[in-house]
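Chemist: Quick one: structure below, then a few questions.
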Amino acid sequence: MPELAKSAPAPKKGSKKAVTKAQKKDGKKRKRSRKESYSIYVYKVLKQVHPDTGISSKAMGIMNSFVNDIFERIANEASRLAHYNKRSTITSREIQTSVRLLLPGELAKHAVSEGTKAVTKYTSAK
């Protein structure tokens, strides 16, 4: 009696394995494109602030959108400032001014001090 060819069980609806196992016509596995996000950094900060607290994937998506939005706003404002001052380079000074313009009061002060601290740490590590 001939053996029947064993086939892999059909993936469940919505299964992520179905996407990873997708094959091209020549038999090679297709690489999944990487999605860049700030999720690992958001998670690290969360653990520094609240070590026993978790975050849902929906909340992480919202945080990722928030960081992307703020990044874009700061970059646009810094670009505008550089253009006004006839500069072709965005420096930490433009970023700092953009943060002061975009964020309200106390939040701007904290952001500027944390940013200054990060730049100092970066330059001293060189």
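Even glycines carry a Cβ here, placed using N, Cα and C.
Keep in mind it's a predicted model, so treat the numbers as computed, not measured.
As annotated by Swiss-Prot, compositional bias 'Low complexity' applies to 1-12. Taken from Swiss-Prot, the feature region 'Disordered' applies to 1-35. Feature annotation from Swiss-Prot assigns SUMO2 cross-link to Lys6, Lys21; the stated evidence is similarity to another entry. According to Swiss-Prot, the N6-acetyllysine annotation covers Lys12, Lys17 (among others). Annotation source Swiss-Prot lists N6-crotonyllysine at Lys12 (among others), citing experimental evidence. According to Swiss-Prot, the N6-lactoyllysine annotation covers Lys21, Lys24, Lys44 (among others). The N6-(2-hydroxyisobutyryl)lysine feature in Swiss-Prot is assigned to Lys24 (among others). Look at Swiss-Prot and you will find Lys35 (among others) tagged as N6-succinyllysine, backed by similarity to another entry. The ubiquitin cross-link annotation in Swiss-Prot covers Lys35, Lys121, and the record cites similarity to another entry as its basis. Residues annotated as N6-glutaryllysine in Swiss-Prot: Lys44, Lys47 (among others). Positions annotated as N6-(beta-hydroxybutyryl)lysine by Swiss-Prot, on the basis of experimental evidence: Lys109 (among others). Feature annotation from Swiss-Prot assigns O-linked glycosylation site to Ser113. Taken from Swiss-Prot, the feature N6-methylated lysine covers Lys117, and the record attributes it to similarity to another entry.
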Chemist: Measuring Cα to Cα, how far is Lys35 (N6-succinyllysine) from Lys44 (N6-lactoyllysine) in Å?
Modeler: 19
Chemist: For the residue listed as 'N6-methylated lysine', which residues in the same chain are close in space, meaning a Cβ under 8 Å from its Cβ, but six or more apart along the sequence?
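Modeler: The list for the residue listed as 'N6-methylated lysine' is empty, so the answer is none.
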Chemist: Any idea what the Cα distance is from Lys44 (N6-lactoyllysine) over to Lys121 (ubiquitin cross-link), rounded to a whole Å?
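Modeler: Per the Cα atoms, Lys44 (N6-lactoyllysine) and Lys121 (ubiquitin cross-link) stand 18 Å apart.
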Chemist: Just the number: how many Å between the Cα atoms of Lys109 (N6-(beta-hydroxybutyryl)lysine) and Lys121 (ubiquitin cross-link)?
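Modeler: That comes out at 18 Å between the alpha carbons.
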Chemist: Given a 10 Å Cβ-Cβ cut-off, pick out the one of the modified residues Lys44, Lys47 that has the most other Cβ atoms nearby.
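Modeler: The residue with the densest Cβ neighbourhood is Lys47.
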Chemist: Sort out for me which one of Lys35, Lys109, Lys121 has the most neighbouring CB atoms within 10 A, since those are the recorded positions we care about.
Modeler: Lys109
Chemist: C-alpha of Lys47 (N6-glutaryllysine) to C-alpha of Ser113 (O-linked glycosylation site): distance in Å?
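Modeler: Computed Cα spacing between Lys47 (N6-glutaryllysine) and Ser113 (O-linked glycosylation site) is 21 Å.
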Chemist: Around the C-beta of Ser113 (O-linked glycosylation site), how many further C-beta atoms are within 10 angstroms, looking at every protein chain?
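Modeler: Result for Ser113 (O-linked glycosylation site): 10 neighbouring Cβ atoms inside 10 Å.
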Chemist: Looking only at C-alpha atoms, tell me how far Ser113 (O-linked glycosylation site) is from Lys121 (ubiquitin cross-link), rounded to the nearest Å.
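Modeler: Cα-Cα, rounded: 12 Å.
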